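Asker: Below, the features straight out of TrEMBL:
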TRANSMEM  B:9-30  transmembrane segment
TRANSMEM  B:42-61  transmembrane segment
TRANSMEM  B:92-110  transmembrane segment
TRANSMEM  B:122-142  transmembrane segment
TRANSMEM  B:147-164  transmembrane segment
TRANSMEM  B:170-190  transmembrane segment
TRANSMEM  B:197-213  transmembrane segment
TRANSMEM  B:265-283  transmembrane segment
TRANSMEM  B:315-334  transmembrane segment
TRANSMEM  B:346-379  transmembrane segment
TRANSMEM  B:391-407  transmembrane segment
Amino acid sequence: MLEVRNLSMRFGGLLAVDQVSLDVNEHEIVSIIGPNGAGKTTVFNCISGFYCPTGGKIRFQGEEVQGKPDFKISRLGMVRTFQHVRLFSKMTVVENLLVAQHRHLNTNLFAGLLKTPSYRQQEQKALDRAAYWLDRVGLLELANREAGNLAYGQQRRLEIARCMVTEPQLLMLDEPAAGLNPAETRDLNHLIVSLKEDYNVSVLLIEHDMSLVMEISDRINVINQGRPLACGTPEEVRQNDDVIKAYLGEA
Amino acid sequence: MAAQNFKHALFCAIVTLVISYPILGLNLVAQGTQVVLEGADTATLISIVLAAVAVFLFQLFRDHIMGSVGKMPNLNPFANREPMEQSKRQRLDTIVLTLLVIGALIWPFLVSRGSVDLATLVLIYVMLALGLNVVVGLAGLLDLGYVAFYAVGAYTFALLYQYFNISFWLALPIGACLAATFGFLLGFPVLRLRGDYLAIVTLGFGEIIRILLNNMTWLTGGPNGIGGIPDPTLFGMEFGRRVKEEGNTLFHEVFNISYSGNHKIIVLYLITLVLALFTALVIRRFTKMPVGRSWEALREDEIAARSLGLNRTSVKLSAFTIGAFFAGFAGTVFASKQGFISPESFVFLESAIILAIVVLGGMGSQIGVILAAVAVIILPELAREFSEYRMLLFGLAMVLMMIWRPQGLMPMRRIHIELKKQE
Amino acid sequence: MQDLLYFLQQLINGLTIGSAYALIAIGYTMVYGIIGMINFAHGEIYMIGAYTALITITGLASLGVAWLPLILIVALICAVLVSSSMGWAVERVAYRPVRGRHRLIPLISAIGMSIFLQNYVHLAQGSRNIGFPALIQGGFQFGDPDSFQTSISYMQITIFITTLICMTALSLFISRSRIGRACRAVSQDLGMANLLGIDTNRIISATFIIGASLAAVAGLLLGMYYGSVDPLFGFIAGLKAFTAAVLGGIGSIPGAMLGGLILGVSESMTSGYLSGEYKDVVSFGLLILILLFKPTGLLGKPEVEKI
């Protein structure tokens with residue numbers, strides 16, 4: 001589904017990402033791990049179109065997408081979350097989900113002004129879809145609350161629900177477990193796996209929490225200082241010497 | 001501490017003297033072809049000294065003064081009440097608004113002509129502010145050249161009437177659509193600029209339009225403007241003393257009442273009221289539609305909005321164009337009301353005033369905007385004796401409002417879309 | 001040959017005006033670079049500088065002082081003094097209390113201040129324009145006395161040289177002095193500079209004072225060059241200077257200088273070859289064109305969003 005080849009990103013004199021390659025196939029959960037500052041979020045930003053990579057190719061469903069702007073990439077079926085939760089805090093939970101469905105709604109001004117049947121139908125469908133996903137992530141009772149007033153863990157789940165409501169093919173999660181306690185992390189595990197199983201969504205995630213990564217990933221990519229270090233199943237990576245050295249330093 | 005305060009207070013007082021004495025205290029007077037310096041009159045000199053003393057004392061005792069201000073009871077009795085539940089609040093709003101509208105409909109028949117005329121002007125500014133609100137308050141775009149679209153609306157009507165004899169009601173949508181087109185064309189290249197750059201570019205547009213209007217005399221009449229713009233007619237009836245257009249009837253003849261100069265004024269007021277209501281209702285409707293949600297999302301967090309597939313340029317463009325549309329509306333009404341327009345009415349100061357009304361009203365809030373328009377237009381009229389100081393006080397008021405109540409008179413309370421419980 | 005001389009004249013005029021714009025533009029760009037706000041009242045500070053210079057010159061003339069260098073120096077000092085004080089006061093009263101709030105709030109405050117100052121001078125000194133004596137006269141001409149001659153007046157040379165001195169002094173100050181270093185630090189990261197013990201309030205005040213002083217110098221120079229002052233001319237000049245600052249890349253001092261020169265030359269070329277009426281249209285058109293291709297201005301640094 002997603003093919004990244006020799007991705008590079010240079011900021012002036014700094015080469016933040018150097019020849020990184022990775023793959024995500026259908027029905028897979030792939031993780032990217034690495035020490036802090038390794039360039040993981042930069043890779044995400046390149047793939048999702050927020051940065052224009054200075055080198056390399058990115059192919060999604062066979063189509064070349066490197067350099068395409070962020071909103072176009074999102075419309076192709078790749079959505080992402082952010083390291084620091086980015087919600088529309090003054091809007092309610094359900095409104096956040098409505099905004100995400102903007103593309104599927106009737107945006108004709110006159111239809112809206114006159115409240116035509118087709119307009120009302122689409123709005124209702126959007127609300128139903130929003131309700132479904134809120135229920136799925138356990139936020140249904142909070143539907144009318146301001147998003148900014150949610151607890152941190154709830155905000156994280158809202159962000160994921162917001163992504164899912166766009167019916168993506170690839171979900172990119174940037175440190176979804178950051179700041180969550182072990183119970184919440186376990187729930188997150190279940191949620192991500194069920195997204196893969198029940199909704200046929202592939203997941204690419206960046207994470208520091210090893211338990212999460214080891215438990216749910218089909219494959220893991222390790223990046224250090226912008227360069228790829230290792231790639232393989234959780235077992236392989238766990239036993240890879242280079243990886244151990246990178247995380248723990250030279251003995 | 002006290003010594004520091006003293007030095008600081010002294011410094012401030014000296015600065016006050018430095019900035020007031022040369023400019024206020026020494027007047028440049030032309031005597032024949034020469035320019036000489038004259039000392040100002042005693043009253044001015046005394047006030048300069050008093051000002052310096054006041055500043056000195058204030059700075060010296062600042063901590064005490066600010067402390068006691070903080071301890072003053074809150075003047076707003078509603079400040080600490082629980083916010084009302086949304087559906088109740090909406091019902092209350094509707095009741096209040098209906099009463100206001102009824103009042104506004106009856107009122108012109110009870111007061112003087114001048115007041116009604118002023119009220120029409122207020123309503124025009126309300127329309128402008130509501131339109132700019134969409135751009136600045138809802139979409140968060142810094143537009144300092146809004147007056148350009150206002151001018152397009154006005155001049156469109158004036159020119160359409162001059163060359164094609166097009167009436168008010170036809171010119172209204174044409175002017176608004178043309179203004180919207182300008183908004184689209186102008187917005188297209190520049191909306192991807194960052195906030196402050198957008199500000200200067202829009203300001204530039206406003207100035208360009210004004211300069212072009214001033215200089216393209218063959219089309220726009222240049223600084224002399226265009227006159228003879230007609231009042232609106234209603235069902236073929238004119239409201240003047242004599243018919244200006246062939247085939248029209250006269251209101252006072254049709255209804256067999258004696259002619260009064262009030263007719264024209266009141267009719268224009270009522271038409272403007274209807275248009276202003278239309279503007280408010282349409283914009284309010286937009287905020288509940290996907291387009292309004294997209295404005296808000298983009299304003300709240302542009303990056304998140306982009307990550308969900310919102311095209312930033314399209315969203316900004318829609319706000320810009322819709323805002324321009326309503327400016328065109330207001331421009332047409334303004335042209336009709338004045339009967340005559342010139343580039344002088346479309347200077348940057350107008351954009352600044354409209355912006356001030358939006359910010360004063362609490363960005364995004366419709367009721368606040370209406371209140372602010374009333375305050376900004378009416379208060380200077382009331383303070384007629386101070387007319388010399390009007391603009392001075394206006395500038396000062398802008399600064400003070402920003403310092404003391406930047407959230408505006410009625411900060412916006414959002415209307416949420418609610419998920420109904422399914423049982 | 002004639003055409004070349006004509007062109008040269010427009011160029012000289014343009015560079016002259018342009019360097020004066022650059023002086024004013026620096027005030028905008030420094031303030032923006034440091035606190036991210038557009039100081040709408042800066043044009044009025046320039047205007048006040050011009051008025052003060054005129055008042056001083058008139059006062060000295062009536063006292064019988066005739067030695068030109070003395071008059072100019074005293075006028076300069078007084079203009080700088082009053083403008084800097086005004087700049088300092090405006091920052092304390094209208095900008096400091098609203099620093100850090102949503103972008104529009106300081107902007108409205110600045111616009112309010114601009115209106116206030118325009119009317120302040122209007123009420124104090126009347127609204128008609130007042131003649132400013134052209135104290136520096138004469139110049140050289142070259143070319144054929146029978147047809148077109150290019151002239152460079154001493155006034156223009158004075159403007160060039162003064163601007164050059166000010167720019168050099170400013171650059172040295174920013175790069176060498178302690179306060180200059182602190183200015184650079186604050187403009188990069190205000191919070192961090194604070195934590196490092198830099199008195200950011202003082203630095204910000206210093207920035208306003210420097211900008212205001214340069215504007216005062218420009219006020220004196222342009223007052224003599226144009227020959228008159230009126231309360232509203234600060235707004236127009238300020239707008240142009242701000243355009244110049246944005247053109248060159250706001251936040252960048254070399255950008256302000258470059259922008260000023262480009263703007264000055266474009267204005268004078270338009271006046272010389274098209275029509276004086278449209279010179280502002282061309283200036284803004286130029287701005288929009290440049291921003292289309294370089295959204296952060298000619299020398300502005302492209303911003304990379306941190307996501």
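Just so you know, glycine gets a Cβ as well, placed from its N, Cα and C.
Heads up, TrEMBL stuff is auto-annotated, nobody curated it.
Could you tell me the structural context for the features on the list?
Answerer: Counting same-chain residues at least six beyond the ends of the transmembrane segment (B:9-30), those with a Cβ under 8 angstroms from any Cβ of the stretch are 36-40, 44-45, 48-49, 51-53, 55-60.
With a cut-off of 8 Å between Cβ atoms, the residues of this chain six or more beyond the transmembrane segment (B:42-61) that come close are 5-6, 8-10, 12-14, 16-17, 20-21, 24-25.
A Cβ distance under 8 Å defines the sequence-distant neighbours of the transmembrane segment (B:92-110), meaning residues of its chain 6+ beyond its ends; these are 84, 116, 119, 265-266, 269-270, 273, 277, 367.
Remote same-chain residues near the transmembrane segment (B:122-142) are listed as 150, 191, 195-196, 198-199, 202, 269, 272-273, 275-276, 279-280, 283, 286-287, 292, 295-296, 298-299, 315-316, 319-320, 322-327, 329-330, 333-334, 337, 353-355, 357-359, 361, 363-366, 369-370, 372-374, 376-378, 412 (criterion: CB distance under 8 Å, separation of at least six residues from the stretch ends).
Beyond its flanks by at least six residues, the transmembrane segment (B:197-213) meets 141-148, 151-152, 155, 186, 190-191, 220, 222, 343, 346-348, 351 of its own chain at Cβ-Cβ distances under 8 Å.
With a threshold of 8 Å between CB atoms, the same-chain residues lying at least 6 positions outside the transmembrane segment (B:391-407) that come near it are 356, 359-360, 362, 376, 380, 383.
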Asker: Do any residues, 6 or more residues outside the transmembrane segment (B:315-334), come within under 8 Å Cβ-to-Cβ of it, and if so which ones?
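Answerer: Those are 120, 124-125, 127-128, 130-135, 138-139, 141, 143, 146, 149-157, 168, 171-172, 175-180, 182-184, 186-188, 191, 268, 271-272, 275, 279, 283, 286, 291, 294-295, 298, 305, 341, 345, in sequence order.
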Asker: Could you tell me what the rest of the chain brings near the transmembrane segment (B:265-283), counting residues at least six beyond its ends with Cβ under 8 Å?
Answerer: 101, 104-105, 108-109, 113, 116-117, 119-120, 123-124, 126-127, 130-131, 133-134, 172, 231-232, 234, 239, 251, 322, 326, 329, 333, 336-337, 366, 370
Asker: Residues sitting near the transmembrane segment (B:170-190): Cβ under 8 Å, six or more positions beyond its termini, same chain?
Answerer: 148-150, 152-154, 156-157, 160-161, 198, 201-202, 205, 275, 313, 316-317, 320-329, 331-333
Asker: For the transmembrane segment (B:147-164), could you work out the same-chain residues 6 or more beyond its ends whose Cβ comes under 8 Å from its Cβ atoms?
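Answerer: Non-local partners: 128, 170-172, 174-176, 178-179, 182-183, 186, 205-206, 208-210, 213, 219-220, 226, 228-230, 323-324, 327-332, 334-336, 341, 343, 345-348, 350-351, 354.
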